[in-house]
């Protein structure tokens, strides 16, 4: 297939996938479910076509129009798959999506006429996720077929240092701050904040989220992240010395002796547990689990020994969601678990970009990450898989927690941006493309978490 045809096929596949995704999100959030009662007939609304007398009817007709346009995109993807000689597995996946789409439309019609009855809604959502998954898998396979055998661009020199701190200004305070990995704090605190916001919506009449709970939980989170980062600096100091990206870290350069760093980590850990315990005991237990998992299970067991360290290690980033939820409710709940699932699935789609950008560095450090042991093509393919899984889990979160239009718009628009940069990564295959995709992943999750907080507590 020609380059132009290949590019066109990828564009249509991506458009079809994101079209299906937008329908899923709109249907799962209150932006559609709240409007469904305004139109309980199909295909017209109470005998009228394109009646737009209210915002609810605008939402309904917008959804139905988008469904028609998305259907055309799915048909276009199927036609191109067969006409361009795509692989058998790609044709199978796209044809499956095409076959299921009319079924999805019929179930959607019954859902509308039954005023969103639970059985129809559940089947409608499940089938929609299946169609979306088929298109995402087809997209990943297509990109792999088009670019998997092509060489990656040569890296332009040694990677720049990305940790906080300036080796030309080795102030002791700066060095201790660097130990705490402050660049991780904003996003992980947002995760905990989103967990608290979701949990606050479950509180009964007369109950509300207190400022003390927020301060203690986020303060404990900052301290626990600092403790985990400090222990990581100490335990990985020999590997860090071999890597250009990390050979300026405080323990490696002996600005802070390992013994002092270890003591600092212990102080931070104890302080974090004290803050969490002031909220409730289960929050403290989860905080201790997070520190131990990152410092011991991930750093000592997973990262040096298995290419699946990124996937399994995602649990460390997911735990703040549970910590935030438990801080408010005192117990683990479904909303907190699903939010943690979103973070868990996002982690490989996020970190694999960094692993690609610094593949040679990680190889020098002796870390068997996926790009090192399985190759760059497979890693890029898995980034697309995990983007799809992350977006699907975000739909489940909306369905179970009643999030609204701000959340819907954020996950669709930023999800499309994330996918776009992953596609560019396949085309360009260099460090800059990997870092653009990495930053897009941060933007997606950061904006999504802010939307959760605003949709739950403000809008």
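Each residue, glycine too, has its Cβ placed from N, Cα and C.
Record features, source Swiss-Prot:
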type: REGION; residues: 1-184; note: region 'Unknown'
type: REGION; residues: 185-459; note: region 'Protoheme IX prenyltransferase'
type: TRANSMEM; residues: 9-29; note: transmembrane segment
type: TRANSMEM; residues: 66-86; note: transmembrane segment
type: TRANSMEM; residues: 93-113; note: transmembrane segment
type: TRANSMEM; residues: 123-143; note: transmembrane segment
type: TRANSMEM; residues: 184-204; note: transmembrane segment
type: TRANSMEM; residues: 211-231; note: transmembrane segment
type: TRANSMEM; residues: 262-282; note: transmembrane segment
type: TRANSMEM; residues: 284-304; note: transmembrane segment
type: TRANSMEM; residues: 325-345; note: transmembrane segment
type: TRANSMEM; residues: 382-402; note: transmembrane segment
type: TRANSMEM; residues: 403-423; note: transmembrane segment
type: TRANSMEM; residues: 438-458; note: transmembrane segment
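With a cut-off of 8 Å on Cβ pairs spaced 6 or more residues apart, the transmembrane segment (438-458) and the transmembrane segment (9-29) reach fewer than 3 such pairs and are scored as not touching. Sequence-distant contacts of the transmembrane segment (123-143) (same chain, six or more residues past either end, CB-CB distance under 8 Å): 9-10, 13-14, 16-17, 20-21, 23-24, 27-28, 74, 77, 81, 86-87, 89-90, 93-94, 96-97, 100-101, 103-104, 107-108, 111, 380-381, 384-385, 387-388, 391-392, 395, 399, 423, 426.
Between the transmembrane segment (184-204) and the transmembrane segment (284-304), fewer than three CB pairs separated by 6 or more residues in sequence fall under 8 Å, so the two stretches do not touch. Sequence-distant residue pairs (6 or more apart) of the transmembrane segment (403-423) and the transmembrane segment (66-86) include fewer than 3 whose Cβ atoms are under 8 Å, leaving the two stretches without contact. Counting residues 6+ beyond its ends, the transmembrane segment (382-402) has Cβ neighbours under 8 Å at 17, 21, 24-25, 28-30, 125, 129, 132-133, 136-137, 139-140, 143, 198, 201, 334-335, 338-339, 341-342, 345-346, 348-349, 352-353, 370, 408, 411, 415, 418-419, 422-423, 425, 437, 444, 448, 456 in the same chain. Counted over residue pairs separated by six or more positions, the transmembrane segment (211-231) shares fewer than 3 Cβ pairs under 8 angstroms with the transmembrane segment (93-113), which leaves the two as not touching. Between the transmembrane segment (66-86) and the transmembrane segment (9-29) there are at least 3 Cβ pairs closer than 8 Å, counting only pairs 6 or more residues apart in sequence, which means the two stretches are in contact. Touching of the transmembrane segment (262-282) and the transmembrane segment (9-29) is ruled out by the presence of fewer than three CB pairs under 8 A, sequence neighbours closer than 6 excluded.
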